[in-house]
Amino acid sequence: MHNELQTEHHYRKVRLKGRWNFSQALSVNIGKFVILTTLICAVSSNRPPRFAIDGQSEIVLRLKESPETKVGSLIYTLKGYDPDNDPLTFGKRNSHDSEIIRIENTGGNEAKVYLAKELDRESQDEYAIVLTLTDSHYSDHNYVTQSFLLLVEDINDNSPIFLPYQNAIEIPEGTEPTVISTLEATDADEGAYGQVVYYLQELDGDNDVFSISTHQGKGVLRLQKELDYETKSLYQLRVLAVDRANQGPVNTGTAAILVKVKDIEDQPPEFVEVQAVARIAEDAPVGTRVLRVRAIDGDRGVNNPIAYSLEANDLFDIDRHTGVVYTLTELDREEQAEQVNGAHILRITASELSAGGQSAPSTVRTEVTVIVSDVNDEIPTFGETVYRCEINENAQTNTPLGFIDEDVQNFVFDHDEGNNGTFRLFLDPPNDLFEIVPELAVNEANFMLRVKNSKSLDFEQFVEVNFTIFAREIDEPSRYSSAHVQIFIRDQNDNYPEFTQTIYNASVLENSELGTIITKVEATDVDSGDFGSMGIRYTNLRGGIAHLLHLNPITGVITIKQTGSTAFDREIISRHYLTVEAIDNIGQGNRNTAQIIVDVQDVNDNAPTFLQRQYETKLLENKNEFETPLQVEARDLDLNGTENSQITYEIVEGLYRLNFTINPRSGLVQPLHHFDYEDLVESSNRRHLREANVGMREIDLLIRARDSGIPMLSTVVPVLIYVQDVNDNPPIFQKSFYAKTVPEDLPGGSSILQVLAIDRDGSSPNNAVVYRIQMGASDKFIINSESGIISVAQGANLDPDLTDNKQTLYTLTVVSNRNLTQREKYKCENFHFKLALDGGLGNSQLMNTATVNISIQDVNNKLPVLGEMSQVKIMENTPVGVSVYRLKATDLDENCILRYKLNTDHCEARNEEGGLIKLSEYDYLGAFELDPIEGNLKVVKLLDREKVEHIKLAITVEDLAAAKGKQVVEGFLSIQVLDENDNNPKFKQPFYRQSITENSINGVMIANVLAYDLDKNRTITYTLEVNPIYRNLIHLDAQTGEIVVANKIDHEQHQWLNFSVRATDSGQPPRSSLVEVYVTVLDENDNNPYFIGGSKNYTISENAPLGTRVATIQAADADAGDFGKITFLMDRLSSQGKFTIDADTGVLTVADRLDRETKNSYNLVIEAWDNYQFGFLAGESRNAFKQVFISILDENDNAPEVSLPTTCVLITEYHELHERIASIVAKDADDPSTPNGRLDFAITQGNKDGLFELRQLDDWNAHIFASKTLRNRYGNYSLTITTRDLGVPSNVVQSTLDICVADYNDHAPVFVRPLHNTTVRIPENATVGTMILQVYANDADMGQNALVRYRLKPDPLGSYKMFDLHSSTGELLLKEPLNREKQKIHEIRIEAYDQGLPTSLSSDLDLSIYVRNVNDYEPQFITNEIHVNFTEHSDPGAERIKLPDTIDKDQLDLDDPDETPSQVCYFIVQGNEDGYFHLDPETHVLTVHRELDRELLANYTLHVKATENCGNASLPPGGQRRRMGIEISNGLSGYLHNPLKSTGYNRYQHSRQLRELPNDEDYEPEVLSSYENYENSGEEREEEPPTAALVDRPNANGDSTIIKVHVRVLDINDNPPRFRSKIFTGGITTNADFGLKFMRVEAFDADEGLNGKIGYYQVGDIRQTLSEGLENVRKAPFLVDAETGDVQLNFDPQKGMKGYFDFMVLANDTLGMRDVAHVFIYLLREDQKVRFVFRLQPDELRSRVGTFRDTLGNITESIVNIDEIKVHENKDGSVDKTKTDLYMHLVEREDNSIYEVTDVLKLIDTHIESLDELFKDLNVLDTQPAAEAQLLTAGPTKGPVFVWLIFTNLFMATLLVVTLALCASQRNGYRRQLRAAKVNILRGHSSMSMQQSHEPATRVPNTNKHSVQGSNPIWLKGYENEWFKTIEETVSVSGHDSLDDNFLAVTGGGSGGGTQDIHETLKGTAKLFNNTNDLNRHFNLYNQIDKLTNNAQILARKLETTEL
């Protein structure tokens, strides 16, 4: 406070001193004048500081309110400056607003402003603060202020708050939509943060019932649709008030509204208790209660009374008020009126008795079933006493037995009810062969005898079986009946032929003769007769060579029938696999298969083959070994390990063959001695080679490889050995030493001398001499590599002074070697290599040297050099004569004379303030003296720092011995005069006295001590000299002198603080002074009360009386007096008025009645206050809090509460034992952790039979389960549940649980009559309405579940429409007249279904109704087509297929045994023109007449006609017919006895089986196959019946006498795989990635399926030819994918690798058939690829790339390898999907070398005429090098070339303008001809030219031969316009030169034919486009026909711009 007053006191004085003038001083007396003058001088020496605010009058700062801006964060940096450079101190005036910030001085001219308190805009939005700035010179009164305004910006930190609103609303149901309430919420934020929008949520998801909208800041709540009380009676709405924050978090307020729906009378009553089924004995007395129903009002809020009524009924009635149903009269179950199986259906009505008389719905109905019980009075009875059956041996399990006798009654019946009518069927004695089904039946059932164990059913063991069948009731075993069964067994062919071996191994020599026996197969069969070994036939020899062999079908001998095939060439196939079949029953019965393995033995028929066509290697002269080992290798395809494949090598020809040796086994060739290059003989061929390969000479050898077989076979191969010359003669100099002297200033490029040398080698480059300086040049000299002239290097300086060691002599070593390339010359002349290389390689390089000495002569031509002069610092008052600096100058010349002097013109000096001092003011130069020769600088006069502080002396040095002109240099020497420290610091006050309150926070200012120093060293450091106890309490800032609180200061410990502060300056030695500081510590209330004792929990019973003492709370306070007096208070909210505490003593007592069930514990908050009486209201009291936890002990004062279902729990009689019936939930308000709150449950009444059990889950939950099955225990049960707690005494509650067990619909109706699959025969003339039969079905369920109804089920033929079925009685009536010619048999299905709930059950009965009539129709097939299979290459007649039989619409009545059906004959009327098939007319067997080949044709379609006109006079149409038996099918597969079966053929029986088979999901065409042997006893028919007369339209769909037979030829493996080409070529670049799949070898196999599956394998070694850089490739360089044939790269190519690879690849199928191909793979560089650009999409190009490759290869006579196909990429990097880039390379066929790109382009240009048609066809747009294409895509490189290209393009653009002008002038001359040409084309519908696609004149409107798109190179780029993309782009393209008018004139010539002409023109145009450029790939012209027709001008423009 003292500082603030002092600051205000001196502030005005500072301002006045700024305006002081001497005129005012003259008006005072002389004494005051002297004092005032002194003060003015003092003020003028210290100026006021200023704030650095860039000219602003006020500092304004905007901050986000907290917590966005956190307390303690840096918010601003204050800056200021002081003209006197004094340290500044920033502060603030104390005010209410100033507490918001804290200022921290950082030293210097800045201070940091921190936020001290949280900002809350809602509390205060701006703070006005006054900042202060001082330079600490209080005595000088320098103190300034600055306004600081802090504005607080809003953030979204307040949530909307709702104003009071109506939280419960009641709305009557049916209310129309309206406004129901209005809500308003406020938000304390501003702007968008304070604006509120309302949203609505319904807690149950019913968000469409209500809505809310925002209107003028309020939320308007509306009802959207009518409410329904019964749907929902309560809505819980949540209204959300959301602010409109556009960024950051969004705050939300919530309001809850409860909407209650008021009920009105609008719902009918509802049944809540209905017993669906009730049982009553038929002898029950009148008035017996049957059941009870209960209904309630549907309106829950109204609840009107209900009245019950029963529809008119003579047996039962209902009580109007209680709903109890009772009997009116005695009951009789056998009475059939109004009941079914004793079940009566009662319809009960419940009516609402409305008090208000409203007309709302008031009635509801339900149905119940009352079942009357029955008694037992019948026994089971069979329909027959004896049953005779027949069955085939080995019949499958469950196969039914057929009855032999006719009209067999295979059923049993017992019409009693329930178990009384249930009986069991079984066999006696029991056996494992047969069984009877069903085992259990009710009332009536058809039984069936079927096979149980098919394995024991063997004709060879027994032929007849007898047993008895019984039917016995299950409840009374004494009631039963029986019948006898006799079964006959039929024999079958059930044994298969067995081969003596499963696999036959055979061998045969390759190239064997015709008839050679391969092997013999043999099989046996244990069956007898033709079924056994006698009937075995061998057939179906299959395999890869089956067609070359002959199989004897009887003996099984296999011989060769055809020779000359590769199949018997072991080198191609060494093993063959065959299969053969043995079939019994003379080739028509069972079959078995054996495998035959045929090994082909080897003979010597293959000569060795070398792996390479020629071998090459290199040999250096004077070397005994080749540069790379030479080893020839040959392969022999004969069998490995035999003499046929053993190879021997020998040298047979060559001039120098005796100088080499070869290993006869390994083929390794080695030289015997070294060669001399000069001694080798040179022929003309060698000279030609030498011209191509300088230094090379060739040696030719011929090597032969022969095998050891008989006869011996051999092969020769040429070997070329290149002998390479080496360098062995060094160059020789003419002189070995040269010398020369030159001046040091000799310019660069001057010649010095020349050296000469010669080389005696005889070949270039070994004899070419090249000169170079090996060492000693030091980048000063160069030598001409060809002439040997040594000269000074350009830019080199020979001055010795510029070298490191001042070199005056250079000794050069000159080397001579072979002639260099231009690149090497450049390196020698510019970089002076220190290494000498001659023409040799490696260590054989030779050279020679000569020495050259060059001496350098000195010249005086350099300026002196004055060394760097550092700053000199000298103390003021330095004694005279002291030397302060020694100057040193140097000169690189040898003879120099240097002199020093001061240049007074360039010297200067400055004072402490930086002001310039003139010599006239102070002679600072007179203080120094400079020695001109030695350069020594001395002080000759004392210096005064106050006058001069910085001196800069200009010193010059001159060389008096300069050769040319003056040599003078100048330098500057800086001198600084230093100050001396001779003054102590002084404090501004003699002592400091301050006071501070105890517990002041850290950083609170105590005092600020300040001192000053008159010396230049004004930096003062402050230190404390204090008692160590006080040192931790206070802190002194060593720089500012501020003393602040460092730790808590307690008045009780320290009443005052006395210490000293020392101020020390920064001088040397330092000087200091002390000042005393006195601080008084003021007392305050700073001790809180505290509780005695820790936390403790208390307990008290809930029955404790009022005033009961609970506990005594104790507390204390360290303060004394009123500050230490404790007052106890208790929080009312925590005690809820149940407890009170004494304010003085702290005694806690009970104040109100306790109830543990309401609240079981209390957490009381006790407060202890000090100085409560005097300081509480003033806010000077301190307090402490303590929590006291009180637990309420429980008393057993509450009874259990039980929750049970209020209605009867409905379950079925099939209720599972593990599924609960009901849940019991109970609770007790007492403590659940004590016995008072734990419960126990028990069933005490109503469970007499123990049907139910109670399972208690825990103390409060239990489940009711069924303890035993409830089957047939339906009815109502009432259980009494007793619940008691475990307290003492316990509380007991009893409740009732009603359980209703209902009957379950678990029995489907069972047909009693008629039997299943019964055939009913009725006459065709039966009248409509005739009753055919009556069906009856029985249901074992009760009530509604047993009520059976009948209906007809629809069938595909619509037979159900012919009949009518009564739903209740089951009577089947004829509904429509019968027509046997339209349909003879009606198959209908009758369904019997019950009325059970929840699911109705049903069963079906199938009936066949047969209609008789006369025969007047042709036989007909029952299916339109069938599918059969034949095996290719099978012997004719080996496979026989039985075609399906026909049916006759008017078939004879088969009940007449004298009638037989007519003979039906089959003929092939279409599809057998080539005679591959034969069909027997009578047996209907289809066989192969000629051998089939699937690869030629895989499918045949035959049309077979069925007719009764067989062309036989003995059987004319309509003649005598053979009669046959008829089957009456009854579902038991009875056997139809036919007395004429030996002579007749049951065609009807076969037809029915065939008709049923296709409906089976497992049906296959093979079921029609029959291998019956049809033999014609007479001669073959000479004539076939005329098919033309039999069928008019064989393909007509409506002719059912014709069947379509689809023949599929099954494949055998008879075709080997074939490669697409015998030679595959490909290429890889040296930058390809490892694992790349770059090509594919493809083969095809004409077979299908597994027979056509191909595997690919690489065979033999992969050979390398002309390879370089591949020495490290150890493993196989390529891998072949076995499945796809992809060739994969298996090594990492590197740059520099060359050569090509070749290897063999093999393709074989699953049988071992194979094919081989040769693969060539070339290594190429990336720049050897050529890119072709096609206007095709990639898929189109891939499909035609083979043709392009083959044609291009044939024309250019080269190998074309495709590398890559991808979408075209333009120069700018974009993708053009209409074009495709094809990358390829070409290989020379003769030497397998890869063409360079330039050679490829030349080759294409050479054959351009031949390639023209190919390029036109494939739309080739461009051909260019692939590397150039990539370079163009990468973009241009800026540089000189780029500038040149700019000027070139400008010139070309100018030329283009001129050219276009010329073209425009020429266009007018030809436009009329062009119009005429186009018009002729557009009128192509009247010309034949449109149909000639090869005429170029009619392709497009151009007239030259390049009119096809892509053919004319001039127009190639024109196609990039793609005129066909959109029509809109060309609609506006028109002008006076277009043909619009001519075109319209031509097409619109006639009034009636104009439109037709246009359409014809368009059709012709479409053909035109299709025949030429195929533009439909990119633009479908047909999709635009309508547009083109409407605007013919568009078409004209399209055609006109095709090529432009």
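Our numbering is plain: 1 for the first residue shown, then up by one each step along the chain.
Cβ from N, Cα, C; glycine included.
Checking TrEMBL for region 'Disordered' across the ranges 1572-1592, 1887-1907 points to 1887-1907. Between the domain 'Cadherin' (383-499) and the stretches 988-1091, 1203-1311, 1314-1421, it is 1314-1421 that has the most C-beta pairs under 8 angstroms. Under the criterion of 3 or more C-beta pairs below 8 Å, with sequence separation of 6 or more, the domain 'Cadherin' (1314-1421) and the domain 'Cadherin' (272-382) qualify as touching. Per-stretch counts of Cβ pairs under 8 Å to the domain 'Cadherin' (57-162) identify 988-1091 as the leading one among 272-382, 500-610, 988-1091, 1203-1311. Note: the domain 'Cadherin' (611-733) comprises 18 helix, 50 strand, 55 coil (DSSP; helix = H, G, I, strand = E, B).
Of the candidate ranges 163-271, 272-382, 866-987, 988-1091, 272-382 has the most C-beta pairs within less than 8 angstroms of the domain 'Cadherin' (1203-1311). Across the domain 'Cadherin' (383-499), DSSP classifies residues as 4 helix, 57 strand, 56 coil. In the domain 'Cadherin' (1314-1421), the DSSP tally of helix, strand and coil residues is 8 helix, 49 strand, 51 coil.
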